[in-house]
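Per TrEMBL, these features apply:
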- 58, 158, 179, 180, 188, 189, 190, 191, 192, 193, 194, 195, 514: ATP binding site (BINDING)
- 396-555: domain 'DNA topoisomerase VI subunit B transducer' (DOMAIN)
- 1-26: region 'Disordered' (REGION)
- 125-144: region 'Disordered' (REGION)
């Protein structure tokens, strides 16, 4: 008992020593799963849009790689909650504890809502009795909990190259593995393609992706059902087999189920498909949205307008001024060349044998042309890098680039926008930071479904850019650096379409989502401005001719309006004078006398005068128009009918490409 009275010992409050930190490593798949916004998967709606975009662009690349005119079918099927649960084997369960859910409405909230609705109905009845038109009461919004997600099956089918049977698991189930990592113009932004869509499918639904693929000449179709082990960055294959290919089809067909939001991103997805049809008029797209509610169904076909395709982009070597230390070390590790001279000649563009020898001589006495490139020390590599940054090299050519082409750009604009007039321009290759780039531009006036003012259409490596438009170099140039009034274009009243396409081996995107090109690279900003100005100059001459034709018609209409009155007045004067002449009260000269004699004998009537005045107005109007055309440098060129062969016909031909047109010689 005495022990109970003893004071209790206080427990020491010494801090606990933390456990030793364990070094952990994340796989690439794990990194992108945790930072999915980097790849454009910010939210369900954006994820649906990005999935469609990645699949469409992969299909275009695949078809173009074998010079096949692309045929792409994209289908989005809305999946209801019950159907989705049955797909994953989950049985629907009735709610037991309603208050547990996010969309539960308390008694107080319900009373408040009903009172508000009652007041609205009372106000509406009062207005009706007074004969006033009040606003229709808004329909009560259905409460949607955070757990009520929307799911969609996305299917993309193409007629492209297809994939080798054994490579399919790694091509879809291993992040940062692919065929697009060389230095060349590519549509992709991160090299993720459908892999990020697979990761999103894994995160939002847990369902695997299904791939069907066949290559040219194969008598089988590769079928693969797989998902991805995000932590290990390896594919998890459920089924991988070969199936009969009776139709000798080649291409790829991909099915995946993801969480999305069609309602909020419907316009973005359709806008993307329309812009893709503008920049690739040689492709045929079929887009479908399928829902249980028939009113929501959408089917749009973007037909092919031409069968002329741009050349396939080719891989190129790095320009010396664009490399860093890490890249030089990697090139040294991967090169098959033995000595330094061969390495400089074959691993970089614009370094010939004589220039390579001069560079080696400038590096210092410890460098020789025959020294083994693999034996270079870190200090020697730094010296090479320093010289590359200081030396002067010729700019790289744009031969490795594949722009859409002025011909295709013009066709795409006409096909989708139906403008009143359009002008296009394709610039020559230019360089920023050792990377070649080409800017193509188009400006249209008028058209179908085009709003008043400036409508900006931006493309990078032939893909549309729809987000973060305000900071883009094209938007800033069109809105702030072009004096539209100087080209007879009203910036606020006219329907103006501004199209700018930039292709390069390195697109200088800004922001984590890579959705716009910054305005801080002077070479690109200058090239964009010049290209748009060249289009405006072309349009100005067309607009001036149009204004001149309109003024000519107005002038002719005004003159023609007074012909009847002038005819009556002149005829009355001539008739009265002819009577004086006939009565010999007044004599006139011989020429005037002849005219008066004809009037008196009714050889000249009102109808005769009217016809003569009409002919005179036509003559004066034509002479004034020709004088204006001569002064403004507009020549009336002879017009000649040309015959365009149908795309479906089979024939042999040779294409001669120009910046403005393609001449096809049919054999």
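Glycine residues also receive a Cβ, built from the backbone N, Cα and C atoms like all the rest.
Predicted automatically and left uncurated, TrEMBL annotations should be read as such.
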Cβ neighbour count (within 10 Å, all chains shown) around residue 514 (ATP binding site): 20
Protein Cβ atoms within 10 Å of residue 58 (ATP binding site), excluding its own: 22
Sequence-distant neighbours of residue 194 (ATP binding site) in its chain (C-beta under 8 A, six or more apart): 54, 55, 58, 172, 209, 254, 256
For the domain 'DNA topoisomerase VI subunit B transducer' (396-555), mean pLDDT (0 to 100): 89
